[in-house]
Structures are given as structure tokens and as C-alpha cells.
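Asker: Marked as active site, proton donor by TrEMBL: A:Lys207. The NADP(+) binding site annotation in TrEMBL covers A:Leu10, A:Gly11, A:Leu12, A:Gly13, A:Thr14, A:Val15, A:Gly16, A:Ser17. Annotation source TrEMBL lists NADPH binding site at A:Lys107. Among the features that TrEMBL reports, L-homoserine binding site is placed at A:Glu192. Sequence annotations record features per position, and here TrEMBL assigns domain 'ACT' to A:352-429.
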There are 2 protein chains.
Amino acid sequence: MKEKLKIGLLGLGTVGSGVPTILQEHQEKISQVTGMEIIISKALVRDEAEKRRLAEKFDIQLTTNIEDIINDDEIKIIVELIGKVEPAKTFITKALENGKHIVTANKDLLAQHGSELVALAQKNHCDLYYEASVAGGIPILRTIANSLAADNIQKVLGIVNGTTNYMLTQMVSEKKSYDQALKEAQDLGFAESDPTNDVDGIDAAYKMVILSQFAFGMNIRLDQVDTRGIRGLSLDDVEMAAQLGYEVKLIGSSENQNGSIAVEVGPMLVAKSHPIASVRNEFNAVFIESSGVGESMYYGPGAGAKPTATSVVSDLITIAKNIRLGTTGHMFNAYQHDTKLAEDETISGKYYFSIEVPDRHGQILKLTQIMTEADVSFDQLVQQKSDGTRARIVAITHMITKHQMKQVTKKIESTDEFELLNTFKVLED
Amino acid sequence: MKEKLKIGLLGLGTVGSGVPTILQEHQEKISQVTGMEIIISKALVRDEAEKRRLAEKFDIQLTTNIEDIINDDEIKIIVELIGKVEPAKTFITKALENGKHIVTANKDLLAQHGSELVALAQKNHCDLYYEASVAGGIPILRTIANSLAADNIQKVLGIVNGTTNYMLTQMVSEKKSYDQALKEAQDLGFAESDPTNDVDGIDAAYKMVILSQFAFGMNIRLDQVDTRGIRGLSLDDVEMAAQLGYEVKLIGSSENQNGSIAVEVGPMLVAKSHPIASVRNEFNAVFIESSGVGESMYYGPGAGAKPTATSVVSDLITIAKNIRLGTTGHMFNAYQHDTKLAEDETISGKYYFSIEVPDRHGQILKLTQIMTEADVSFDQLVQQKSDGTRARIVAITHMITKHQMKQVTKKIESTDEFELLNTFKVLED
């Protein structure tokens, strides 16, 4: 008989119920690798009656009282899958204070209170793992912490929100409108009834906070991520991007420029030849540029019960091994660095501007003057779609600073009869 | 002052000299993560004079005698970067017997004598890591061993040879012939003057042996990999594939069918919508299908001094941490399973046949009869390119077994006036 390792589970929803399923399905392999039998002994639920059948199937004791789990001395690890900040934060805090190791998939919590919880775990010699919090089934955090430990990362960029990537794929390939695509994502269960966190880029921003911590050892706040979503994105822009050789993707990016980082989330134009451009539907991908490895990319499902539960169980296996070897209490990511944010003057990129102008001579000249004043030159310039009174000009600049981009944006917005429809950052291969 | 961890390096060539470079460049990060200072103290070279400047730069003591390193009690880890089976095998064996931990990038050795060396490492409570042996800069072995430990892998397939992928990319995008593409790969230093191991698929087969060990816990021999290369591949087939919506790639695949595995290497037609189809030039990618995560892909440089050296240093960091925690002597991959090979009757796939036939009526009927006899039906059928006396028929079948494929192949080959030009497996999205 192998030693039993008892787990308490907070939340027995879609992902939660995936955890005992995965543990049961791969029991033999898991016990071979860890030398232990991992068992979910108790689960915290809101309504015991509702989860009774599931509990019987996996022989899990249900409770509606967190104390039953936190004060159970036999339980060594607590898996938190409730989501959102509270009461998850209170539960995890108490559990760590009681010496329980923690596995969580809670990106909201980690992005906003990560350093506090990491410090508390350290103080109590507990493990705290959260691989599933970023890009669901892709083992990106462990890869950065272990395999890229010998490397110097310059840039992490990714498609880290499956809902919006699904919507954008539908808009590009099926010519669906933003509203149609959103409705379909909701019908398929990818988007919640209130899609704010997804479409406004907040969910992606949470993940970029966590990725920046791993890639650069820096703790940034959510309000330090320059965040834009895809709300109201027009099919016109998506089609124009395709004509120019780009896909529109909601990209999270975190870049190191001489020791300072710039973190942003927003719709970007990605060159079709870039490996990340072909990531479709609900899939996620994280692309890394580093001085040692060069370019690498990690691709997989961004969400879903099974991939997320698999990721949670891989964290459980890691802790099980640590318990066995007596090596718990080390940080998931040991790399720490002073946090420094880059100034707009040092962040550079190519930018796409889409501007509605009067359909009269001299408009391109007027735009060119604005650009020239800010020392910005064009890479591509297209005038198209006139209804006789209004026309549209689309411009892609050469590399400029974010400061220049803001200057130009301000100038265009204050120019009589010019209407700035959209600005996107442009990622080349 | 941090504790010093002394390393012996066997081979100070391109990759070898990358190791002290990476250690020096990322010294601060590495010592933070490991709590130690990792130092290359000695290196085995063939000619001391030739490497003197390099040795002085990094303060490495050179020797031409392996005993100087193996018998140095201060050296805890030996990094083997000589390549090929001998003398590497003898050196590693002696080193393990002397209690040294090993890092190697030697795929030839691991594929042919891996289980023997793993057993020896176990016996001597030593670590043996070889992340760099498969797909250079992609941390694929560690990902399978750690992050997918909770998962059940059904299929691993990949572009694991950069040289041939570079050649195929040039043939597709630049319409270069096989010979031109090979010459260019040699000029760029991707292919050796004797390109046998690359173009005949042997290098890829080595990697599939190692990947199969990690994914399925099974030890297979090189002669159990059904191996074909790309030697003499014609531009005709590459162009025909493109017309039908496929890219020709040299694919290594290892598939689990009800507990038995089928491992093969060969040129395959990959549907353009498959994530692996867009992997270009010298890049590698490994695509995994598993019951938990679903589809995931890991992409990066397949070779090169810096990526490979980075991978070697990530292994060094792992061992350094193990030494610090007193947890050395555990297997890189703890998953073990009885080895069972699948029969041709249970392996299935779609296949592409390209056949030269006389330019007369009734040839398609004749081919259809052969196919029907073997219970094989067509998905696509194209007759094209006639010079007045000979025409070419290209057929893609529906899913059939490998046994059926062999039956049909044999029949076509023995049919008067039919000449089988090529057969490829077909991978759909």
C-alpha cells in the first residue's frame, strides 16, 4: 500500500470536478511518479445536495464550512478553485497559516495579491503553485521558472484569453460582426453573460502581471498594465488588416528594455508569418524571445475543465514530490528583481492608424504634416472606401516610440474633420 | 560568498564554449535561483593550444586526459558535449561510477544506450539529464516529465530535425531542388558534409526513441522505428502537395494505440491548417495530443550553439538545486511502462500515393481495382502532367491501416507499367 496524500478541494464546479476525474484516470502513472496515492478527501461546496452524486462517485466528504477543511490535520494540500478575490483570499491565507500547501488557478487573486501570498507561503514553509492561472493547459510558468532559468528573457507576448481569440477568429474567417461573435462565444460557454473581463482585456492583464513576475522577476500592479480590449472592434479594421497581411489578435506583451519593463494588453496587428498569427479559436499561445534560446512558443488550450484540471494535478504532483523529498517551502518562481517600468520614450513599435477624413484633396498631405512634425514616417499608406463625402486613410508607421504615437494620436484627434477610428500596435515576424 | 559548484566539460567546440558564456552572462540570475556559483573548472579538449585563448577568457584548466576530470574530487558534475557513442559512453560510464552527475546533449548515445546509462546513474545515486538531446532549445523532455505527468499522452509528433526542415522550406518557398537545398544547408553549417544522419531520418529517429521513452515510458530500439528520410524527394511531389493543401515535412511520430506504440519517421503531408505546418526553416516543434490537456505544441530552435548551451545550463541548474536540497539520484523521467509495439493492422492513417502510369485510357480504373481489392477508398484523386506517353496519378486515401498501405504498395509495384514514385503519410488538422 502506498502512502496516502489527502487533499481538500475548495469548489466542485466544472474544473473542480475535473480534478478527482484526472486523479482517478491516471492513478497508476501518478502513484508511480510520486510514490504516493493522491486522494481528494473533502470538498467545500455551496450546496451539499447538489453535489451529492459527484461526491459519492469519488468518495469525497462534502462540507459547506471551510473550517472543516482548514482544521483537518490529515489534509496536507488545499486546492482552491472558487475564483475571484474573496473569499478565496481569506481561505488561502488561513490555510497557509495552518501549514497547508496550496494549489490555485485563481488569476484574479494572484495578479492582485500574489506577492503577499507568496510571502505568507514562505513564512509558513508552504508550497504555493498556480500553473493553471495562466493559459490553462500550457505549462508556461513552470517552463519559465525551470527551463528558462538559465536564460535572459527580453520579451513575452501571447494570446492569453481564449474567449476573445475565439471571437476574433470568427470575425476574420466567418466575417461575423463583433456582436455576433460575442453572442456565439457566450452560447458556447466561452464567454460569461457579463463579458467585461474578457473583452476589455482585464483577464489578459491579470495573466500578464503573473507572466511578468516569472519572466522578469518584477511585481507590477494591474493599473501599471496599459490595457485595452476588443470591445466594439469593427469588421472594417479586421478586413483591412487582412489585406495588409496581418491578423488582428488581442495580445498581452511584456518587454524588457534595459532593465525596465513595459507591459500592455490590446488588439494588435500580427504579421501572418509570425508563429502566433495562426493561433485560432479558443487556443492560447505564449511566445518568448530570449538571448539564449532565441524564439520559442508554447501553444495549447487556454481554458476548459480538463486542461485546467490537468494543470492543477501537475501542481499536486510537484508538491507530492516535494513532501516526499522534504523540499517544500521553496518559491514557485525564485527569480526576483527590482521593479522598474519603462517610460513611453523608450518603448518602441510600429503602429496602425485608421482615420476617417473628408473626401477632398489634401487630406493625405494634412496627415503627412502631422506625422512629420512628430518625426514619424510611413511604412504603408492606403486611402480607401469613400461614400462621396467621407473617406478612410489607413497608415502603418515605421518603428516609433510610444511617446510619438501618443503625440500623433492627440494631434489627429484635435484636427478638424479628422476622426481617429482606431490605433493598433503592429507586430512583425 | 556563495558556495562554488565545479563542473568538468568534455568538449569545447561550438556548443561547449557556449556553456561558460551563458553561465557568465546570467551569473546573477543563476546564483539567485540555485544559491550557488556554477563554475567550469576543467575542460577536456583534443588540442590544448587551439583552445588556450578560450580557456584563459573563462579561467578553465585544459586537459587532454579524461582521468584529470573524472578523478577530480572537487568536480561534481560532468557535461559531455563530444557527441557520437564512443568515447562518450566510456567517459560517462566511468564518471557515473565515480559518483559524478551528468549532463549531456548526446542523442545518438541516449537513443542507443539510454536505459543502460539511466540504470547506472540510479545505481550510483547520480543525476543524468539530457534536455538538449531533443529539439535543442525547446524544453520538451522536462515538460513531458513534469507538466504532463498528470496526463495521458496519445501521440507525440514533431519536426525534430532542423536541417531537413530548412531544406524542405527552401524547396517549398523558393522552388529549390533537393540538391540545391542540401548544398545551401551545408553552406550555412546546418548540414554536415556527410548529411546521411539528417536526410535519411536517422537523427530524427534517435529523438523519437527518446521522446517515446518520456511520453510512454517505453524503451524502444532504433531498429524498431520505421524510418525513412527525404533523400531524393522531388520538387514535383512538394508542389503537388501544396496544390492539394499540404506541406511536405519530415515528421517523427510516436503513437499509443491501446497500450502499444508505433514509432515512425518519414516525409509526411501535413494539412496547412495543422499548427506544425507553419514551422519553417531550421525551427523545430513538438506537437502532443493527450487526454487531459488536449492539443499542445512546443516550438523553438532545434539546434545552434546558444539554444543548446542554454538547455545544458538549465540541466546544470536542476542538478545544482538537487545537490542543495539533497535530492539527487532521481530519474529525469520516472514513468516506466512495459514496451509493446503496435502491429501494422492496428496502425491507421491516410496515405498519399504518386504513381507514374502509361498515358492511355483505363489506368485510373486499374488503380481503383487495386485499391478496392485491399478495401481502400480515395479521398482525393488527381491525374496530371502527361508528356504524351507517361502520365502521373496522385491519390490520397481515406483512413486505412498500415497493413493495407503495404498491400497496395506491393500491388502497385508489381503492376506492369505502373511506377510508384512516392508514398507519404498524410496528417490532417
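Backbone N, Cα and C atoms are what each Cβ position is placed from, and that goes for glycine too.
Here the structure is a predicted model, which means the values were calculated and not measured.
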Asker: Using a 10 Å cut-off on CB atoms, tell me which of the binding-site residues A:Gly11, A:Gly13 is the least crowded.
Answerer: A:Gly13
Asker: Say you check the Cα of A:Leu10 (NADP(+) binding site) against those of the recorded positions A:Lys107, A:Glu192, A:Lys207; which is nearest?
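Answerer: If we rank A:Lys107, A:Glu192, A:Lys207 by Cα distance to A:Leu10 (NADP(+) binding site), first place goes to A:Lys107.
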Asker: Three states by DSSP: which one describes A:Gly11 (NADP(+) binding site)?
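Answerer: In the DSSP reduction, A:Gly11 (NADP(+) binding site) maps to coil.
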Asker: Long-range neighbours only, meaning 6 or more apart in sequence with Cβ under 8 Å: which ones does A:Lys107 (NADPH binding site) have?
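Answerer: Within the chain, A:Lys107 (NADPH binding site) has Cβ neighbours under 8 Å at A:Ser133, A:Val134, A:Asp203, A:Tyr206, A:Lys207, A:Ile210.
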Asker: Within 10 Å of the Cβ of A:Leu12 (NADP(+) binding site), how many other Cβ atoms can you find? Include all protein chains, please.
Answerer: 26
Asker: State the three-class DSSP label for A:Glu192 (L-homoserine binding site), counting H, G and I as helix, E and B as strand, and everything else as coil.
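Answerer: DSSP assigns A:Glu192 (L-homoserine binding site) to coil.
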Asker: For the NADP(+) site (A:Leu10, A:Gly11, A:Leu12, A:Gly13, A:Thr14, A:Val15, A:Gly16, A:Ser17), what does the 8 A shell look like? I mean other same-chain residues with CB within 8 A of the CB centroid.
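Answerer: Result: A:Leu9, A:Gly18, A:Val19, A:Ala43, A:Leu81.
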Asker: Identify, in sequence order, the residues in the chain of the residue listed as 'L-homoserine binding site' that are 6 or more apart from it along the sequence and have a CB within less than 8 Å of its CB; answer 'none' if there are none.
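Answerer: In sequence order, the residues whose Cβ lies under 8 Å from that of the residue listed as 'L-homoserine binding site' (at least 6 apart) are A:Gln186, A:Asp198.
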Asker: Tell me the Cβ neighbour count for A:Val15 (NADP(+) binding site), meaning other Cβ atoms within 10 Å of its Cβ, over all protein chains shown.
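Answerer: The answer is 23.
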Asker: Please list residues from the chain of A:Thr14 (NADP(+) binding site) whose Cβ is under 8 angstroms from its Cβ, counting only those at least six apart in sequence.
Answerer: A:Ala305
Asker: Report the member of A:Ser17, A:Lys207 (the recorded positions) whose C-beta atom has the most other C-beta atoms within 10 angstroms.
Answerer: A:Lys207
Asker: I want to check the contact list for A:Gly16 (NADP(+) binding site): same chain, sequence separation of six or more, C-beta distance under 8 angstroms. What comes out?
Answerer: A:Leu9, A:Ala43, A:Val79, A:Leu81
Asker: Reported in the order helix, strand, coil, what are the DSSP residue counts of the domain 'ACT' (A:352-429)?
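Answerer: Per DSSP, the residues of the domain 'ACT' (A:352-429) fall into 23 helix, 33 strand, 22 coil.
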Asker: Validating a neighbour-count step here. Other CB atoms within 10 A of the CB of A:Leu10 (NADP(+) binding site): how many?
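Answerer: Neighbour count, Cβ to Cβ under the 10 Å cut-off: 26.
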Asker: What kind of secondary structure is A:Lys107 (NADPH binding site) part of, going by DSSP in three states?
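Answerer: For A:Lys107 (NADPH binding site) - judged by DSSP and reduced to three states - the answer is helix.
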